[in-house]
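Novice: Sharing the feature lines straight out of TrEMBL:
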- 1-393: domain 'Major facilitator superfamily (MFS) profile' (DOMAIN)
- 48-66: transmembrane segment (TRANSMEM)
- 78-96: transmembrane segment (TRANSMEM)
- 102-123: transmembrane segment (TRANSMEM)
- 144-164: transmembrane segment (TRANSMEM)
- 170-189: transmembrane segment (TRANSMEM)
- 210-233: transmembrane segment (TRANSMEM)
- 277-297: transmembrane segment (TRANSMEM)
- 303-325: transmembrane segment (TRANSMEM)
- 369-389: transmembrane segment (TRANSMEM)
């Protein structure tokens, strides 16, 4: 891949970035697939499983702005190479935590810190690489890497655990990620940064009303998505009564339809045009998710219905993040994409930090129906804020 191809836009560059995103998400989202094993290995409650997920998100969130500043200052390539290698090392480190729950929290936090490089770097690469008129589709394809990596991690971790220890799945993923990092380092040219590390220009972003409303929407989108991802496997096991492998299959199916949703949403947003088109598509997806989460409030136990609902949630809320980031990058200057993405992802993560432990507490005290009602309410607020964003752009 030549520097000119990266600069002028090429699908090959888009594919390289999407592949990197897949490998990075394969590492990070392995912890979501391992919730059942963590609960058993450490003999902890559902709320402590939520704290385990929160530790990863905390590390992810704390390092987002430093990662965004590094991307804007030095370009995305060095950040992506170092980040993916760090993810591989941290994931393997998680497997050596038992029986210490405290050590588990520390290693998962380091995994999250390594994953903080993902969105600022990959979004900058996509904005530079996308062919003219196809930015939303390119962003959707890149975001497919998140769902593809997450879905694959569900199959690998739960599938390997059928014949071996769950840690073996983590080791296999770590080896794959390290290998991809080395290939990526030799094949991807990247785009230069400013050459200096600077603090993000948050004051300027704060004056952008559409951006602020979009970040606020991201808070509630993150709360809904991370609660759904964090408890899908446990919900299917506890309420439907399946084994870990089938429960992991439901999570994987959600990721597959999330990929379809991101591609379809990006293509439709390109036809509608610009940031407004992206906001319109995301608004429709979130409204659909409200109805689906409401179904989970009053139903439970049917495997067929559960699959149908989670598959549809993949098409709606889980498939909305591509157009969310397209809209975000469309309302800020290109030179601020790293910092702007860090702000948006921080909002998503803060929602994810708060919601999963709260969801777990509600489940323990009241039941899954009340937990899904909480998620439905969060999605309603996100929908209202997306409506505000659409009116401002």
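From the backbone N, Cα and C atoms, a Cβ is placed for every residue, glycine too.
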Novice: For the transmembrane segment (170-189), name the stretch out of 48-66, 78-96, 102-123, 369-389 with the most CB-CB pairs under 8 Å.
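Specialist: Out of the listed stretches, 78-96 contacts the transmembrane segment (170-189) most.
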Novice: Sequence-remote contacts (6 or more beyond its ends) of the transmembrane segment (144-164), Cβ cut-off under 8 Å?
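Specialist: Beyond its ends, the transmembrane segment (144-164) has Cβ neighbours at 18-30, 32-34, 37, 122, 170, 172-173, 229, 233, 244-245, 247-249, 251-256, 258-259, 262-263, 314, 318-319, 321-322.
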Novice: List, by number or range, the same-chain residues at least 6 past the transmembrane segment (277-297) whose CB is under 8 A from its CB atoms?
Specialist: 136, 214, 221, 224, 261, 265, 268-271, 305, 309, 312-313, 315-317, 319-320, 323-324, 326-327, 330, 368-370, 372-373, 375-376, 379-380, 382-383, 386-387, 389-390, 393
Novice: Mind looking up the mean pLDDT for the domain 'Major facilitator superfamily (MFS) profile' (1-393) in the predicted model?
Specialist: 89
